[in-house]
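Q: The structure under discussion is supplied below as structure tokens; questions concerning it will follow.
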Amino acid sequence: MNLRTIRAELQQFLQLAIPLAAAQVAQAAVGFVDTVMMGRLGPEPLAAGGLASALFQFILATASGVVMAVSPLVAEAQGAGKDYKIAAIARQGLWLSVLLGLPVMLIISQLARLMPVLGQSATTIALARDYWMAVLWGIIPGLGFAMLRGYVAALEQARIILPLVLFGTLVNGLGNYLLGYGQLGFPRLELTGLGLSSALGLWVMFLGLLAYTAWQPKLRRYPFWQDWRRLQPSICRQILQLGWAIAVTVAVEFGLFTIITILMGAIGVEALAAHQTVSQTIILIFMVPLGCSFAVTVRVGWWLGRQDGLGARRAGLVGVGAIALWMLLLAIPLALFPRAIVGIYVDLNNPVNAGLLNLALPMLRVASLALVLDGVQRVAMGALHGLQDTRIPLLLSLLAFWMVGVGSSAMLGFQLGWGSTGLWIGQSLGVAIAGGLFLQRFLKLTQNRTFKQRLQPQPLATHP
């Protein structure tokens, strides 16, 4: 690698990463807006809504992992000059979004039955159920949008995603105001209204991106809608073979944070509410490396199609370096102004929130120390997805997030009595271990000029 090739790769990366990262931040603003409005409803709706939203996002992110396999497959096909495969992959990805969405909706509708086993209060369960029964109607469009986002990103047509997400977020925020608070003659539905608004925002984004694939001239060259009624099991199997491991890896990663949320609820409503204010802030920040990881997946997948190991290595390291610097810059204000951040969610002058503030401040300090490591692990994982390397990273995720992260969280939080701060320290240790393992795996796989035969992607069973 030399400075010229690094600069060229950085330019390609930023052209793709900036709109994707901005879109992810805007999409996370849906949860941010929901959390702020939950906080204005009171501590109990904030705690219950935070738990309900966290579990919903966990399930949606896990299921989206299956259809996220479309992105590296399309990027590899384009890099190899096999354009005839591209539309077929996307069509079957859309089919899988619908077929997968139906059982996922059923799972969400039954979540409230599990909550007593997890130590949640009756009030928290009742409020959370209201949110779940409304927001579950956003599952199918959420999966469809995730698939189409990967499709257009792999074809370097990602700029449309940001305005679509911004419009969907606007729809969600307006719906929250009207339905959550009962403004302008609408009924006051509180958490039910917030859930319905989130689902509506997902439908707006999905339908907008679906229409864009049929209208945009550079995308129309790929016959996306040709034979769209035809289900092709061979291509679906190809997506599932790659996507199931991505989905489980996402579940393992997000499962750590979901378990921490559940453990916070076992400590108490106040700890859960404090955790929600901190975690929502971190989620918003984390959307930048998440969007950048999609860009790295595309860039590495393109080099995979060209069978160039050094090119893939350069693409991955450029992405990791860029996100590490960005997260370092964001960690500084997080560490210096924690009270101001908590004040976004709750009224600091209200004595009822004093306990929440005392719990949230040390959590934010721990979170600021872990930001860089969190960004590195996510982008390094995206680079591995670009290589279509998923099964070993899944095992590494289990080791880092569950054995180290969950294990140390339980020990520090409960056995040593460190409470909510101990839970945050434990999950940060899991993130740190994951970042090191993923980066080492990526460097090992890209150490040669050409990829080893075992890394060569399997040919898709489709024809021109």
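Heads up, residue numbers simply count up from 1 along the chain you see.
Just so you know, glycine gets a Cβ as well, placed from its N, Cα and C.
What Swiss-Prot records for this protein is below:
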type	residues	note
TRANSMEM	13-32	transmembrane segment
TRANSMEM	52-74	transmembrane segment
TRANSMEM	94-116	transmembrane segment
TRANSMEM	131-153	transmembrane segment
TRANSMEM	160-182	transmembrane segment
TRANSMEM	192-214	transmembrane segment
TRANSMEM	244-266	transmembrane segment
TRANSMEM	281-303	transmembrane segment
TRANSMEM	315-337	transmembrane segment
TRANSMEM	352-373	transmembrane segment
TRANSMEM	394-416	transmembrane segment
TRANSMEM	421-443	transmembrane segment
Q: Does the structure show the transmembrane segment (52-74) and the transmembrane segment (244-266) touching, where I'm treating 3 or more Cβ pairs under 8 angstroms (sequence separation 6 or more) as a contact?
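A: Yes, since the transmembrane segment (52-74) and the transmembrane segment (244-266) share at least 3 Cβ pairs closer than 8 Å, they count as touching.
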Q: Under an 8 Å Cβ to Cβ limit, what residues of the same chain, 6 or more beyond the ends of the transmembrane segment (244-266), are close to it?
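A: Distal contacts: 47, 50-51, 54-55, 57-58, 61-66, 68-69, 118-120, 124, 272, 274-276, 279, 381, 385, 390-391, 393-394, 397-398, 401-402, 405-406, 409-410, 413-414, 420, 423-424, 426-427, 430, 434.
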Q: Is the count of Cβ pairs under 8 Å between the transmembrane segment (352-373) and the transmembrane segment (281-303), pairs 6 or more apart in sequence, 3 or more?
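A: Yes, the transmembrane segment (352-373) contacts the transmembrane segment (281-303).
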Q: Which residues, given as numbers and ranges, are at least 6 beyond the ends of the transmembrane segment (281-303) yet have a Cβ under 8 Å from it?
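A: The answer is 9, 12-13, 16-17, 20-25, 27-29, 31-32, 71-76, 78-79, 149-150, 153-154, 156, 309, 311-312, 315-316, 319-320, 322-323, 326-327, 330, 334, 341, 344, 364, 367, 371, 374-376, 378-379, 381-383, 385-388.
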Q: What residues in the same chain, six or more past the boundaries of the transmembrane segment (160-182), come closer than 8 Å to it by Cβ-Cβ distance?
A: 19-20, 22-24, 26-27, 29-30, 33-34, 37, 41, 149, 152-153, 188-194, 196-198, 200-202, 204-205, 208-209, 212, 216
